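> One structure is given below, represented as structure tokens, and several questions about it will come after.
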Amino acid sequence: MSEFPFEISPMFEGERVRKEGMFVELGGPKSLGLELVRAKPMDEIEDGKVTIVGPDLKDMEEGKTYPWAMIFHVGGELVEPDLESVIERRVHDFINYCQGIMHLNQRYDVWMRISKDTAAKMDSFEPFGKAVMMLFKTELPFIEKMQVTFYTDQAEVEKQMAEAMEIFKARDARTKDLHDEDVDVFYGCTLCQSFAPTNVCVVSPDRVSLCGAINWFDGRAAAKVDPEGPQFAIEKGELLDAKTGEYSGVNEVAKKLSSGEFDKIKLHSFFDAPHTSCGCFEVVGFYIPEVDGIGWVNREYQGMAPNGLGFSTMAGQTGGGKQIVGFLGIGINYFYSPKFIQADGGWNRVVWLPSMLKEKIDEAIPDDMKDKIATEKDVTDIESLKTFLKEKNHPVVANWAAEAEEEEEEEEEEEEVAAEAAPMMMPAAGFQMPAMPAMPMMSGGAGGIKLTFKNAKITIDRMIISEKKEKK
């Protein structure tokens, strides 16, 4: 569009601004990043106004990272507070329509980059602000008036962040007494499909969106005012499994929106057909097989988990709209759900959290589990985690003894089978065994590799066993 110094089109969704092509970074893991939408009476809004508090783009140094907050005020006859989260989540959409401007995450985790090419064409955030507001009013016509304030001053961003956190907390509390079984309709969201094409985000009363920005009430409000938008109703259909949270209606939508890649999603399962993970999730869950437990790491945590991996590495393994068994992306508010990974033990399966996350969700953790979940202050690796869990008598420790007994029983069974099979392989005197191709086998006592699969699902379409012939 000629009135703006950069191109605007949905084709730029998914565009990444790499570090080498970046002019400045706003928010992200090295600083503070915030976006917030507030509904206001129309007489309190100056339509189209852009205010900048702190250094403008022309005052910034190339390659630097700056704190960032975007506060949008919106008004209209149909605009109400219930729509704030819905409008807010579209910020991600519309900013990514702008060429050379990358936007990731949401709420208090915003991460943006302005490319060198785009920065060379504009010296202020004002045209950027006007472009985003133009897109909002075009795509969401119920918004009649809109203004925005950009904050790049550290003290001001900190102030806005503190106020916003209270607003987010109040929003999240609305679904506390509403549960999956109380409603007939869930809601879906496809906002992240530009980055994760097969992601199917399902929002139920007991499961907030992966980004944490959309709860069940937000989905309902969005589908009502924008029926053709990215949030839509899902008839939950027949309850197939109450423990895992499997519904026929969700499975149908999963198959359709993933183009057939997935045929089921179980809302409260960690291992079996888990919810897909996009890339905007607030927390990554990861299985630790050595202790048969699950750890969780949040986006803000900069250290390493006991498995030796950080958030960014595990997020790369988890995201992309896939079902990755052993990893799971979630929104922070899901920790407060009474159905939190209930198919796989719930809080009794959680063994590790970063201390900052543990403090943040303290009210969600059952009292009898608080001192049994380790943090980076307690353990540094798998061995120290094992020791900690034993000392605290964590529920997963009871599973270790059961697993050891299973392994012993399996070994005994293998020995019995081998002993029974041995006489059968000895030919009777004078009897000539027919010649058969030799097939080398490995036994537990003769070296080689032993593989033990537990709770594994293996599908083999076809197996061919043939004799390996020596080359002459």
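Here the Cβ of each residue, glycine as well, is placed from N, Cα and C on the backbone.
For reference, Swiss-Prot lists these features for the protein:
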| type | residues | note |
| --- | --- | --- |
| BINDING | CYS189, CYS192, CYS278, CYS280 | [Ni-Fe-S] cluster binding site |
> Near CYS192 ([Ni-Fe-S] cluster binding site), which residues of its chain come within a Cβ-Cβ distance under 8 Å, counting only those 6 or more away in sequence?
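Correct list: ASN199, CYS201, LEU210, CYS211, CYS278, GLY279, CYS280, GLY321.
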> For CYS280 ([Ni-Fe-S] cluster binding site), what is the secondary structure by DSSP, using just helix, strand and coil?
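It is coil.
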> According to DSSP, which of helix, strand or coil covers CYS189 ([Ni-Fe-S] cluster binding site)?
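For CYS189 ([Ni-Fe-S] cluster binding site) - judged by DSSP and reduced to three states - the answer is strand.
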> Cβ distance under 8 Å to CYS189 ([Ni-Fe-S] cluster binding site), same chain, sequence separation 6 or more: which residues?
ARG89, CYS201, VAL203, SER209, ILE214, GLY219, PRO230, GLN231, PHE232
> Within 8 Å of the centroid of the Cβ atoms of CYS189, CYS192, CYS278, CYS280, which other residues of that chain place their own Cβ, given that this set defines the recorded [Ni-Fe-S] cluster site?
THR190, LEU191, GLN193, PHE195, ALA196, ASN199, CYS201, SER209, LEU210, CYS211, GLY279, PHE281
